Every structure is written in structure tokens, then in C-alpha cells.
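Structure, as C-alpha cells:
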Amino acid sequence: MKKRIPTLLATMIATALYSQQGLAADLASQCMLGVPSYDRPLVQGDTNDLPVTINADHAKGDYPDDAVFTGSVDIMQGNSRLQADEVQLHQKEAPGQPEPVRTVDALGNVHYDDNQVILKGPKGWANLNTKDTNVWEGDYQMVGRQGRGKADLMKQRGENRYTILDNGSFTSCLPGSDTWSVVGSEIIHDREEQVAEIWNARFKVGPVPIFYSPYLQLPVGDKRRSGFLIPNAKYTTTNYFEFYLPYYWNIAPNMDATITPHYMHRRGNIMWENEFRYLSQAGAGLMELDYLPSDKVYEDEHPNDDSSRRWLFYWQHSGVMDQVWRFNVDYTKVSDPSYFNDFDNKYGSSTDGYATQKFSVGYAVQNFNATVSTKQFQVFSEQNTSSYSAEPQLDVNYYQNDVGPFDTRIYGQAVHFVNTRDDMPEATRVHLEPTINLPLSNNWGSINTEAKLLATHYQQTNLDWYNSRNTTKLDESVNRVMPQFKVDGKMVFERDMEMLAPGYTQTLEPRAQYLYVPYRDQSDIYNYDSSLLQSDYSGLFRDRTYGGLDRIASANQVTTGVTSRIYDDAAVERFNISVGQIYYFTESRTGDDNITWENDDKTGSLVWAGDTYWRISERWGLRGGIQYDTRLDNVATSNSSIEYRRDEDRLVQLNYRYASPEYIQATLPKYYSTAEQYKNGISQVGAVASWPIADRWSIVGAYYYDTNANKQADSMLGVQYSSCCYAIRVGYERKLNGWDNDKQHAVYDNAIGFNIELRGLSSNYGLGTQEMLRSNILPYQNTL
């Protein structure tokens, strides 16, 4: 009887298309109460080698051809059990066959079960030689997992490789509920290829068929297969009704693609979203090409543009070849500056202000590495399109440590800057930076003494337009040589907190750094790639005030700071606080008249920063940070958040973030000049929450309020209903989507999304709790 068991199990698995990804742990446990479990001891070993036990009221036979068992027939072998009113065993000699053909007929109240499936039906048949099996009018139920259904005839063929269902059905709903089901006139499951082919496929809600396809191919199991994924729909004020129907294409073992027709009612067309992934000897990468043939909204808003085609191309690649070659690509380009305002896309956002196009090839061996790269920017502002690209850039590093007590390094860079505008300055910059370090350390402290030379040469061209409009002139050839000296010392003190908190340990970590860089007037050098760096606590100990090499500020300063940490008895950090400052003995200058605070001639304690983290309990956490810069005359940035987190789906967070307009202007001068919504800085208070609100109902939401503008900045609300066989999600989002220069106010987009997930049939394609929170324009960040 065991010969027919794989048939039944394969049939169940073949049609199940089962996925548990969407089930939360508590819901899964509730659903498991509604499915049968295997209550007999599991038997190990090859089933064909195990004994067969047959119990029946009556038995008769005509050896060796036939045997008949009747009356409460109970046959057991290993973990398998077959019960029926009557079981007939037949054995016949076949012409040309070395062994006789052995078949089994089971009649009346046929019941089969093992540790994976239960089958009930009036009649069954099996060929024990070929393992071909037929089961008529069978009902099946998986054991220990959801999945059940029935078929007029279930057949097993090809040494258990193929399962064929005639008029078969499947649902993952618990017994007594047929909310949805999938039926087909014929279903063929190829276990080896892990694919199910369905003819005359009908999807039914209750007894009502709502979808039909003459042929459908669906992946089964973990093996990647081509086929349609679950569709999605939403409504937005930007595009009105939107519908997605993704198709997954398994091209080869090392490459695949997802092709998604995306219909947008207001745009009057279908955008084709094409994602391609690959893996090669040179690395792994992803390409995305989105294309909208025409856009009637864009035509109305931009009547002077020659084309209304909208597109995006994204390419990300990272790889190592032959252990020494490194290849990296980070490339994003769109058809027009309004693209990310009009279309949601995971590869860019309207708040970024620009898109990066970077290619790099690197070579690295012991003590040496070199990288050749090109970097361009596509600025989204229609008012200021000026941006510099590095075409190309060469970076070289050579290290030689343990030269006596010293570590040495030589860094070199050569780069050519090109502007998108023909009238802006351009330059070739060559930089050389030799460094020597003397590191000393023991168990409780360290001190590092460093000396370096910063030598830079500029060859600037195309200066006429700039020099004719500015009192400070740029020179064609500029040399800048600056020595730098730094001493950085750290200590770590530790004590047990037995009196206050037994088992806890506190550390005290003071740090002091002296930095000296002489002043060099850099007003004759145009600023190609420098901007003010953020001064959080760790940033206080940087060598540079500005990123890039065009502005290197003079320094005669001492940075001091202290960090204290508290660890519990499991060495988990429960609390830390850091406070530091920079004390300037002389003014930090570059000679650039465009940097307003250099005219104030300020010295003393100018920059303060502090960070803290407190893990109050396993469920409560608090983080915060503040940076005060007297050069900007105020608090530059600050942030804080407090969170209660019970698990992934139960959390509440309150947060606040602030950035002064002076800080934004100093760190992002080009973006600040066009980003009208940030002219008054950023001051936003927010709340994020996710929580089950009733039996099988849960809610997720986020709300941010701009205290400067006294209006909502962003909000999102999602509601989900989950059952054992389906889930429904409805989401609403209102987000900032640009600035109207004519009316001088922010533009918002409202979106309503709707998604259905079928438990046991679909993958988790819709928005889950974490996905919804992180898809927000102000994404959720964990405080714990």
C-alpha cells in the first residue's frame, strides 16, 4: 500500500503553492489549531524496507495472483496508514516483462494518512511496479500546515515526478470556509522543475469565479520559476487610478527579470517597469529601465518640450575579479527634473535634489590600491542646473606600516572637473598627501601623533565669465602647500557598579586632540566639490571642516570630549552619553568671501556636540543628539526619538528633528538655493506606530508636522485584516511632492493603496508593517 502514498502527498504539495511568509507568529499558531496534526510516533528509515501490517475482519486469496481483504481493513507501513472497506491485491504476468505486474484496488470509505497528508475517497488504484497511481473523487488535507482541496481524478506518473489533477482545486482556508479557491480542468505539477501548469484556470471567491485564464504557469516550491506575481492597485492625486501586474522571468540560473506593466489613468498610458538582476564573474548587479511612451499630463504642463516620453535608467553593480580588480557602478538618470515628483520609485526621490552617475574600476594588492572613476550629477532643479562632474578621477593609496615605530601612507589624487554650463570655471586638480604616524597604545589608552603634507596644484580654465562678474578673481595656475600636525589621545577607565547596579559596568572615555593647519588664502580657487561637514560628536575629531579638497580650513585648535558607557552583566550596552567641543586658538579660515562666518573673526569654544543613547528596558529606548555652532549663531542640528517596541509589529515612536537654515545653506549651498521648502530650515515633530487593534486587525501609521510652516509635512495610515486564508491591506499616504514657485507653497500628493494577499497561494507581495513604515518619505528608523 505504501506505493500509492507518494502519489497523494505529491498531489497535495503540487497544488498547494504554499507560502507562510505573510503569517505572523501568533496568527500562525491560531491557524494551526484548525488543521490536523500527526499524533503517532515518527518512524525512521526507508519505507520500502519496513514491514507491512494488515488487519481485516476477513481475508482470502488465490496465491500468487490475488488477495482480498474485507471488513475494517487497516494497513500500516512506517508512518503511512490506509483504511478501506475492501482492498484487493492483484499480480499478473506480462508478456516480455521480467517481473509480474502488481496492482492495488481500494474500495469503499478509503482513508489514507501519514505525517504530511490525509486523503479520503471512495476508490483508489496503484501500480506498484511503476508507482503510477489514480485516486477518484478524493478530498485531501495537509497535515501540520494549511492546504486542502479535492479532484475528480488524481494521477501520479513518471516515477512520482508528475502529478496530474482532473478537475482539481486548492484552498488554504480552514475546513468550513471556502472564501477563495483555485480550480482547473487539468493541473500538471512537475516536481523536478517545481512548476505547476493549469489549464482553464479559474480563481473563485466563494462559489463565484472572478478570474479566468485558459493557461497559467505558476512556480511551486523554492526553485525560481517564470510566472505572474500578485497584482497591486492604488489611487493617487498625481496619477489617479494605478494598476500593476508584475511578471517574473527566470532567464537563467545567474540572471532574472521582473517586467511590470504599470497603468496610470491620468497619464493615459502604461509605463513598462523592467528590472534585471545578474551574477557574473565580475560581480553582481541590478538594472532598472522604466519607460512611459507618452504622458498627456506632462504635455499639458510642458508644452514647449519636444517629447513627453518619460523614462528612468538605474544600474547598480559591485564585484571583485581575480581578487585584485574591483568594479562598481552607481548610476541613476531620468528623462526630466520632474520625474521623481510624478512617479514613486525606490531608486530615487524628489527630496534628494539630484541623481548620481558614478563608474569606478579599482585595483588592490597588499599595501597599494588605485581607483579610476567618473562621477556626474543630474540636478533636478529647473532654475539651477549647474553641477560639476569628475571626468575622470584617479585615487591612489600606498601604505607601509611598521617602519620602525611608524606607519606611513601616501595618498594621491588627480581629477578633471567639468561643469554642465559652458560659462562656468573648469579645472584639473592634482593632490599629493604623504602621512607619517606614530601610534602608541596599551590596555587603557592610546596616543597617535600624525604629520602630513597637503600639496595641491590647480590648472583652471574658462574663467572669463566668472572673473568679469566677481571682485575676487580666479587664477589659471594655483599651487597650495599646507603642512598638518595632529596629536590624538584616548583613555578608557572602567569600574564596577556594585553599589548602584550589581553586575553593571561603567566606563569613562576621555579624548583630546590637537590639530594644527596653517592658513592659506584659497580665494583664487573655485569651489568644485567642497561643503561643510556635519559636526556630530565623532565629527568633532575630524581633520577637516569641509569635505573635498577645494577648501581646507586653517586650524589651531583643541578638541576635547568624554564618553561614558554602561554595560549590563551580559556585556550589552545599556546607556551612553558623549559631549565634546572644539576650542579655536585662532580663527579657522579659507579666504573664501562666500563663507560668511569667516568675517566674524571668532575664537574660543565655537562648536559643541553631544549624543546619547539609553536602552531603558528590552522594549524601551531613547536616542538624541545636538550640535551647536556659534559660527552659525545657533543650534545647527538636533534630533531625538523615544520608542516602545514589543516586537516587529507592535511599536510606538515619537521623534523630532531640526536643522537650521544656516546649516542647510552651509552644507548644501546649491540645493538650498533652489529648495524653497527648506529656506526656513527643518523643524519637524513626528510619531510612528504599528499595533494590532482587534482580533486579526492591525494598524500602522506615521505623522510628521512642520513647526516652522505650521502644517503637516507627511503622513501615512495603513489598516490590515489578516485571516488564515487571506489578508487585505488598505493604505493612505500624504507626502510632500515638490514646490510650486508660482504660488510659493509646497505641493502634496495623496495616495490610496489596496492589496490582497492569498495565504497559501501568493508570496508576500503587498505592504507589510515594516515595508509600509520604511516606504514613507521620512522612513522609520529603529531606536533600540
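Glycine residues also receive a Cβ, built from the backbone N, Cα and C atoms like all the rest.
Residues or ranges marked as disulfide bond by Swiss-Prot on the basis of sequence analysis: C31-C724, C173-C725. According to Swiss-Prot, the feature signal peptide maps to 1-24.
Cα to Cα, C31 (disulfide bond) and C173 (disulfide bond) are separated by 9 Å. It is 6 Å from the Cα atom of C173 (disulfide bond) to that of C724 (disulfide bond). Take the CB of C725 (disulfide bond) and look out to 10 A: across all protein chains shown you find 20 other CB atoms. DSSP gives C724 (disulfide bond) a coil state; it is part of no helix or strand.
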